[in-house]
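This report refers to the structure that appears directly beneath it.
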Amino acid sequence: MQLEVKTKESYRWQKEGQQFISDTVSGKRKSRKDLGVQKDGKDELACPELVLNKAMPGILFTELGSSANDSACKDSDLLPPEVCSLLNPAAIYANNEISLHDVEVYGFDYDYTLAQYADSLHPAIFSAARDILIEHYKYPEGIRKYDYNPSFAIRGLHYDIQKSLLMKIDAFHYVQLGTAYRGLQPVPDEEVIDLYGGTQHIPLYQMSGFYGKGPSIKQFMDIFSLPEMALLSCVVDHFLGHGLEFDQAHLYKDVTDAIRDVHVKGLMYQWIEQDMEKYILRGDETFAVLSRLVDHGKQLFLITNSPFSFVDKGMRHMVGPDWRQLFDVVIVQADKPSFFTDPRKPFRKLDEKGSLQWDRITRLEKGKIYRQGNLFDFLRLTEWRGPRVLYFGDHLYSDLADLMLRHGWRTGAIIPELEREIRIINTEQYMHSLTWQQALTGLLERMQTYQDAESRQVLAAWMKERQELRCITKALFNAQFGSIFRTFHNPTYFSRRLVRFSDLYMASLSCLLNYRVDFTFYPRRTPLQHEAPLWMDQLCTGCMKTPFLSDMAHIR
């Protein structure tokens with residue numbers, strides 16, 4: 001057997017007179033005749049520069065680190081020609097088949113669903129909570145030197161309270177090595193494995209309550225948790241850097257309470273109300289979505305944990321003074337997720353000044369404002385049940401989990417990070433890196449058969465290069481933690497919950513404007529590991545070459 005790797009992009013082996021090209025992207029292995037064309041009575045390959053060595057023992061390979069510019073074939077040669085990897089950031093992606101024709105009622109959360117906030121809100125939350133720690137919880141003054149770093153954390157991370165570890169966990173409960181941080185410093189892989197008893201695996205009982213909270217591990221799921229993770233890491237960094245002893249549980253609770261105080265004391269609401277142009281984004285698009293649904297005879301409702309005065313000012317800014325006429329039911333300070341599970345809290349009506357009324361609620365009236373309540377009374381009074389209802393929210397646990405699993409509603413997740421991640425996926429650097437990673441993975445899998453010294457040397461070099469490429473790809477999204485959707489190859493725990501709790505997901509509510517109100521969303525039949533892709537649409541989900549999505553390309 002002989003193998004020549006002349007470039008990073010393609011390879012070939014010869015065994016017992018039969019020549020093969022291994023296409024690591026499509027998962028198929030084709031003969032030379034299948035891939036070539038006839039020229040002068042001889043087989044001509046797609047990459048003629050790749051020539052087989054004359055018969056000689058062992059394995060011959062070229063330098064693995066050669067520049068892609070010197071390659072005879074490019075990364076695109078590894079991809080089937082029909083594949084277009086450009087995805088539209090304004091597309092809606094389906095986890096489960098759903099036809100909007102069957103949806104009669106649309107429900108919405110407020111924060112980060114109807115109202116999209118600018119990133120400038122996060123440093124304000126961080127600074128206010130940091131100052132609360134110093135002034136009210138008597139934390140060291142030295143903490144004030146820390147500022148918010150928007151590039152540090154990503155949504156969906158887990159925090160081990162007793163170990164002060166912020167880390168990324170995949171769908172199979174394994175810590176992604178290289179993504180564990182104590183304070184602002186990375187924790188060596190060996191230490192992480194030692195901390196968890198010689199494994200990267202986190203047992204189910206430790207990490208996975210229904211709402212992402214185990215006895216000692218919490219998952220940060222909403223966008224407001226970004227400044228919380230940053231502050232937690234900065235405080236731990238200060239204590240460790242100055243050799244100060246601390247109780248991990250007390251520190252975690254104090255930081256969490258300080259972040260909560262920013263919300264409970266109304267500081268965040270004040271900032272937004274004072275400068276809505278600065279903090280609220282895409283208000284005109286929210287108005288367009290709501291108006292379009294009403295014009296097509298859909299019923300709308302709002303269930304939010306935010307107070308009425310805050311929601312009212314924001315909706316007036318985005319929609320206008322008559323915004324309540326668009327909604328059949330408006331519920332504020334709902335106390336989700338207990339709103340969906342606790343039947344004991346009754347609805348209370350608010351008057352025009354926001355004061356509570358005492359009369360018993362026997363029906364939910366359009367244009368009126370209600371506080372608290374519970375989903376069981378909501379269902380009884382509205383008779384809105386099952387797949388007729390589609391509810392949108394940004395928090396997978398608090399907004400969507402109960403509605404899908406307990407009540408059979410259809411759900412849509414708003415994931416603002418999706419837009420940026422898709423733009424990164426569309427870059428040439430990402431496509432080249434991922435393509436070669438996949439090629440290397442195929443090479444590694446096939447080369448395990450050969451155990452001679454030269455083969456092992458090749459394997460070691462390829463494994464090293466593959467790991468380097470994985471780290472490069474990870475850093476394209478976030479230098480510390482990578483993509484919120486993937487570890488190196490597995491889906492993240494966040495992705496697992498996203499698929500479980502949402503029928504649809506999108507970057508913003510405005511993506512609905514790109515589709516008809518009777519549009520049917522079909523999830524792609526993603527091949528299982530033992531299946532091969534048979535149709536090109538399995539490789540082109542959301543592809544801009546699709547005629548409909550091509551028309552959408554100008555929107556963003």
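Glycine is treated like the rest: Cβ placed from N, Cα and C.
Fair warning: this is a prediction, and the values are worked out from it, not measured in the lab.
Here is what TrEMBL says about this protein:
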ACT_SITE  D109  active site, nucleophile
ACT_SITE  D111  active site, proton donor
BINDING   D109, D394  Mg(2+) binding site
BINDING   D111  GMP binding site
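Shown here: features listed in TrEMBL, placed on the structure.
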| residue | record | CB count, 10 Å |
| --- | --- | --- |
| D109 | active site, nucleophile | 25 |
| D111 | active site, proton donor | 23 |
| D394 | Mg(2+) binding site | 24 |
In whole Å, how far is D394 (Mg(2+) binding site) from the residue listed as 'active site, nucleophile' when you measure between their Cα atoms?
8
Provide, as an integer number of angstrom, the distance between the C-alpha atoms of D111 (active site, proton donor) and D394 (Mg(2+) binding site).
8
